[in-house]
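A quick write-up on the structure given underneath.
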Amino acid sequence: MKLLRFFKGHALAVAICALLLVVQANLELSLPNYMSNIVDVGLQQGGIDSPVPETIRESELANLQMFMTEADANTVQEAYGQEKDGVLTYEGTAEEGQASGRIGEIMTLPECVVLSLEEGISPNQLAHTDLSTALSEDDLAKLAATPDGATAAAQLQQALAAHDGKLTLEAVRILYDNGLVTRDQLISAANAMNDALGEVGGQMLAQRAISFVQREYEAQGISLTDVQNQYLGHMALIMFALCLGTLVTTVAVGFVASRTAARIARDTRKTLFSRVMNFSPTEVGRFSQASLITRSTNDVQQIQMVCVMLLRMIMLAPIMGIVAFIQVTATHSGMEWIIGVALLAIFAVLGILLGTTMPKFKRMQSLVDRLNLVSRDMLDGLMPIRAFGRERYELRRFDTASTNLMKTQLFVNRAMAFMMPVIMLVMNLVTLLIVWVGAQGVDVGTLQVGTMMAFITYTMQIVMSFMVLGMVAVMLPRAQVAAERVTEVIDCPLSIESPAAPEAPAAGSPRGVVEFRDVTFRYPDAERPVVRNVSFCTEVGKTLGIIGSTGSGKSTLVKLIPRLYDATEGNVLIDGTDVRTMELADVRRRIGYVPQQGFLFSGTIESNIKFANEAIDDGQMRHAAEVAQAMEFIEKEPDGFETPIAQKGANVSGGQRQRLSIARALAAQPEILVFDDSFSALDYATDARLREALRKGAGNAAVVIVAQRVATIMQADEILVLEAGNVVGRGTHRQLLDSCETYREIALSQLSAAELGLPEEATTEAVRAEAAEAVAGPASAQEGGDAR
């Protein structure tokens, strides 16, 4: 899963979130258990949560011990001490301390029997027990015949008669004290009574034992209301502490998750931007600018949002589900099958939704790219759109892109909106099913109301956990697509990059020498090369001019110098070293490149000129502006070099943009200056002044000028003439006028024969050549279509 790669370097934060979520889950899932205790113990049992009374009368303990084995009786006796006014206080055992688990098991059945005897037991309930034989007339006659038994027999008969023949605790005590029944017989009778209760015996015994404790407290004069209020208050404080702890851990998890996701987004944007900064025009063209903007903004935002959900919800959901399932099974309610039914229903709903919506997410991202592309085209081409009256057409194009995106988003949003009501319906039906099944358990005594309420809460937690996973699962495909798109950019192999072991020009070698050796270049996926077998060498302090018709490969040729592209065949050398073996930053540090379209960054004139070299002082900045002929309009501005520049230089003219771009290149103080038709927006006078200033102000830098105007390069030390990617002429201006027909045609199309120093008939021949070229225009255009 590509999303997980973005968590690399954030393992500690993930571990902290996981730990906090475990704490949060345990705190939150403890609340239903305490709620169950409030209902079952606090309300139904009067706040008494154990069959072991904190205090008990010594006489009552003796009654209980009649129904215990001797060992158990001794264990219970040791657990109680500090007799005061005939009342014993529970202190616990040496093995368990204050824990009353084992003591409670021992005392539960005797307490139920004693409570039943205090209420009176019908002789029919004692059938087939040792107690029933002890109450036979023969045994009573034997008791009356003994010297001390007459009084006991009379007391026994009186006790039975007082309770309509029911056996009471007083009667059993008389029988036990006079040896008519033994301890083993009493234990056997108690076990027989327990067996008669069947499956519901455990729950009923627990309730009866609690009733015994309540009666015992009343006998001691203890207020049951105070006991209940104390228990409820204690539970309320615990639940408040749990809620407070849950709040703290939830806020902590949210803080850590949000901070981590924000850092992931920051690091991803930084990595993405750094990668794009190393892209050549080939990679930029592969993705398109609109797509790269979408990937670095919208897609990264999607990743950030899902990272928060992963850390806060997706990790919490399985923890909550697992802990809740453990708690559910601990209730022993026998309703676990209901959870299985609920999960099957949820999985069915989620499966249908995911199968329907997942294919739409990738299409939605591509439609966002399309909308951004159309918007960018409209904004960049606003002037020609208005000039040609194409507003309605562009509006229709934008409306089509927007409508397609809207339809896809509506489909996805409707599917997601359908999910919540269905999940809520499942949850409500599950609740009804639990209440219906649980009510039967409450009716027969196998389930308490509080336990059923806790079961409902735990079941809802499990269902909600899977619902959250389902909701995230619906959103994950979109984030997965975003992650794939971002990863595609980050992992995109670079066609232009520094070698593993870069070389540097030899010390003492001439600086500013550019050499092409049989260079051929072909654009990726193109059939024919744009530049073929070009060779030349610049000299330090000299100017090389490159001229040719549109599409002859001039701009492509000079883009090979700063390694915007790499030559397909041949070698490009700077200072005697192949540029492909040099550090890329070193290559570009030696070059001042001015593209065809002068680009300015938002800021000021000063920030744009110092963009290539922030270390220059104001004097050097001013010198660069003077050489570039930019001072004439800078000085007219009230703020001078602090004049604001809008994005893309929208608030200056084309000529001013070019001059500032030239000043920026000069400020870098490079060894090589490359001007790619950078004087096209200048008038002839400014062009001439700038070239003259360059000869004086460029120092020993080699100058390469690409131009379509002969006047711009006619003073160059050497001129290359390109036609369809081939060098068809080389020499000075005068030499080319005499030897190169292509150059002469270009020159005569721009300047008169007199200005060129040629005879007048040369102009007539040039006009005829232009007319012939115009007639053959379509064919020649088709042949040169691959040249850029």
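Backbone N, Cα and C define each Cβ position, glycine as well.
Automatic, uncurated: that is what TrEMBL annotation is.
Among the features that TrEMBL reports, domain 'ABC transmembrane type-1' is placed at 224-478. According to TrEMBL, the feature domain 'ABC transporter' maps to 514-749. Per TrEMBL, transmembrane segment is recorded for 231-257, 305-325, 337-356, 415-439, 451-476.
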*Candidates 231-257, 305-325, 337-356; stretch with most C-beta pairs under 8 Å toward the transmembrane segment (451-476)*: 305-325
*Outside the transmembrane segment (415-439), six or more residues from its ends: residues with CB under 8 Å to it*: 333, 335, 338, 341-342, 345-346, 349-350, 353, 356-357, 447, 452, 455-456, 459-460, 463-464, 467, 470-471, 474
*Could you give the residue numbers and ranges of same-chain residues that sit at least 6 residues beyond the transmembrane segment (231-257) on either side and whose C-beta is under 8 angstroms from one of its C-beta atoms?*
13, 16-17, 20-21, 23-24, 27-28, 30-31, 34-35, 37-38, 41-42, 47-49, 307-308, 311-312, 316
*Mind checking which residues reach the transmembrane segment (337-356)? Cβ under 8 Å, same chain, six or more beyond either end.*
325, 328, 415-416, 418-419, 422-423, 426-427, 430, 433-434, 437, 459, 462-463, 466-467, 470, 473-474, 477
*Residue numbers, six or more beyond the limits of the transmembrane segment (305-325), whose CB comes under 8 Å of its CB atoms*: 3, 6-7, 13-14, 17-18, 21-22, 24-26, 28-29, 253-254, 256-258, 260-261, 264-265, 339, 458-459, 461-462, 464-466, 468-469, 472, 475-476, 479
*Where does the mean pLDDT land for the domain 'ABC transporter' (514-749)?*
89
